[in-house]
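What follows is one structure encoded as structure tokens, with my remarks underneath.
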Amino acid sequence: MGYLVDSQKKGGGSPWSACLRSLVRRKQVDSVHARAGVGHQLARELSVLHLIAIGVGSTIGAGVYILVGTVAREHSGPALAISFLIAGIAAALSAFCYAELASRCPSAGSAYHYSYICVGEGVAWLIGWALILEYTIGGSAVARGISPNLAFLFGGEDSLPAFLARQHIPGFDIVVDPCAAILVFVVTGLLCVGIKESTFAQGVVTTLNVCAMIFVIIAGGYLGFKTGWAGYELPTGYFPFGVDGMLAGSATVFFAYIGFDSVASTAEEVKNPQKDLPLGIGLSLSICCTLYMLVSIVIVGLVPYYSMDPDTPISSAFAHHGMQWAAYIITAGAVTALCSTLMGSILPQPRILMAMARDGLLPSFFSDVNKHTQVPVKGTLVTGFVAAVLAFFMDVSQLAGMVSVGTLLAFTMVAISVLILRYVPPDEVPLPSSLQESIDSVSLRYSKSSQEINVGKPVVYVGTSKDSTLPLLGRKESAIDHPVSEKQEAQGILNEEKRRKIAGWTIMLTCIGVFLLTYSASSLGLPGLLRFTLCGVGAALLLSGLIVLTVVDQDDARHSFGHSGGFICPFVPLLPIACILINVYLLINLGAATWTRVSVWLVMGVLVYAFYGRTHSSLLDAVYVTAAQADEIYRNSGGSLA
């Protein structure tokens, strides 16, 4: 029979044990049966071009127009393009992991959805909660940056109409930004119209931004060849800050690639997710990396790195060569980049809220999909309203680090999910307790079949992750009729169980090793002996984990996990482990102030989960059965979840 996950309601086990079980319960990859209980569906309207528009538009913000000056002056020098290349390769590691999971599990929710399937409900909740913070703060910060650029196009800070200009409120010491709030409301309304229409608008705005960057590349290249590329003819050489400075620049510009994960959040709205999602993620990241590198090559060559204006490096570089008018094109590009990024920040959040509400972790209000526009209108309106209020009243630029926490946590968990999928994929399917009669019937049939094979010696299946595929073999009398075949079968099952245990423990110890290594390497204030000891232990765990996972066979069930025929992440386990290492290092180096703010938000999330999400989860009364029995149980029940 199937195993009831949360036995607290059934009177079994302590409340603490029930709570711990709820943290590790995992949901099923969306199937035809699972979708049967969902109301209106999202519209499948997106193609590869739409996904590229979302990916590029969400990634290339106005920051690149400032970042090149700051990083070149302080870290990379003329080697800025190499810093962007290394950061792009690091981002590609996460992109590979996203591409496999998005094609195997094409449903709304992105990293939250993958974590729920591969890791468990507790971790998935924290990832979803962190992503809510990321997109809210990110959207507000982007909207807040649009009005100064618009003011420049109109002739200065005092040139905007009064109803759009920033106003200082005396007595409260705050500066309100009506322009930012209005733009958020406009974008929210556009997103409510329909995914195809809003993506088309984002594509138009993104195209204008890309055209502005192409202008910088072509016009800057012409000036460079005309003037002899003065920025590269320096006595300090190509690496004035050394290789360490160039790598530090890579860590800084890595955040310029954040945004391509927005593509994965639209997985449920893609026409051909197995093919189009990996292409959309890969092409959008490649386009961004190419544009970043070309802009860097041109701008660093026009002006020596130490002479760059840290606030307006590109426009000042053109002004240095007598092209002051180019500043208007560059500012227009910055405005379009911000508008496109604003759309990319607001677009994913309603879909994450919808996915969490479908799973019962948030109120069902957020799971409603409008039957006409086929988008989660209610969730979009709530998201837009909150972002507009924040953008109107608060300067959230000091909270920008909190955006990075959500993204890097998601990147890390996606890489861990790939390792779990390859080595210890979930071997059970959660079914609603309403199907208990069909579950008992099928389990009884399996039991009778086993009794016939084993001549009265039943093979009992228990629906826990530890024992779901492990029959209770090993009785001495069971070897009477089939002494060779049964021994071989038992040995194979025991070996597979041992392999899964070894792989599972290795993945966990590898993650611990990554944390110890990155923490000790970053914490210069630790005593020398303790620091080197932690560093050595972490490095040993990391290297041992990589070796063990390379030697251990991957699980055969990975071939049938989720939707087959999509992208397969290469170089496993090396690539996911490298991805985890990079992201954890960046997380640890975000600073204590950022982590203090994020911790407050995460504690709030824990309370919401404890008092609402855990007790309303759709898996609260789930019965877990082996995957082999699930389809037959659905057929016996008439294919209904009711």
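Including glycine, each Cβ sits where the backbone N, Cα and C put it.
Annotated features, as they stand in TrEMBL:
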type: TRANSMEM; residues: 48-68; note: transmembrane segment
type: TRANSMEM; residues: 80-99; note: transmembrane segment
type: TRANSMEM; residues: 111-132; note: transmembrane segment
type: TRANSMEM; residues: 174-195; note: transmembrane segment
type: TRANSMEM; residues: 207-225; note: transmembrane segment
type: TRANSMEM; residues: 237-260; note: transmembrane segment
type: TRANSMEM; residues: 281-305; note: transmembrane segment
type: TRANSMEM; residues: 325-347; note: transmembrane segment
type: TRANSMEM; residues: 375-393; note: transmembrane segment
type: TRANSMEM; residues: 502-522; note: transmembrane segment
type: TRANSMEM; residues: 564-588; note: transmembrane segment
type: DOMAIN; residues: 567-617; note: domain 'Cationic amino acid transporter C-terminal'
type: TRANSMEM; residues: 594-612; note: transmembrane segment
Residue distribution over DSSP helix, strand and coil in the domain 'Cationic amino acid transporter C-terminal' (567-617): 40 helix, 0 strand, 11 coil
Proximity verdict for the transmembrane segment (281-305) and the transmembrane segment (237-260), three or more C-beta pairs under 8 Å: yes
Contact between the transmembrane segment (325-347) and the transmembrane segment (48-68) (3 or more Cβ pairs under 8 Å, separation 6+): yes
Range from 174-195, 207-225, 375-393, 502-522, 594-612 with most C-beta pairs under 8 A to the transmembrane segment (564-588): 502-522
Surrounding residues of the transmembrane segment (111-132) on its own chain - C-beta under 8 Å, 6+ positions past either end: 22-29, 101, 105, 261, 264, 348-349, 352-353, 355-356, 359, 361, 405-406, 409-411, 413-414, 416-417, 420-421, 425-426, 562, 598, 601-602, 605-606, 608-609, 613-614, 617, 619
Stretch contact, the transmembrane segment (375-393) with the transmembrane segment (48-68), Cβ-Cβ under 8 Å, 3+ pairs: no
Intrachain neighbours beyond the transmembrane segment (207-225), with Cβ under 8 angstroms and 6 or more residues off its ends: 56-57, 60, 287, 291, 294-295, 298-299, 301-302, 314, 317-318, 321, 323, 326, 329-330, 332-334, 336-337, 340
Residues of the parent chain within Cβ reach of the transmembrane segment (502-522), under 8 Å, 6 or more residues beyond its termini: 416, 419-420, 423-424, 530-532, 534-535, 537-546, 548-549, 552, 555, 577, 580-581, 584-585, 588-589
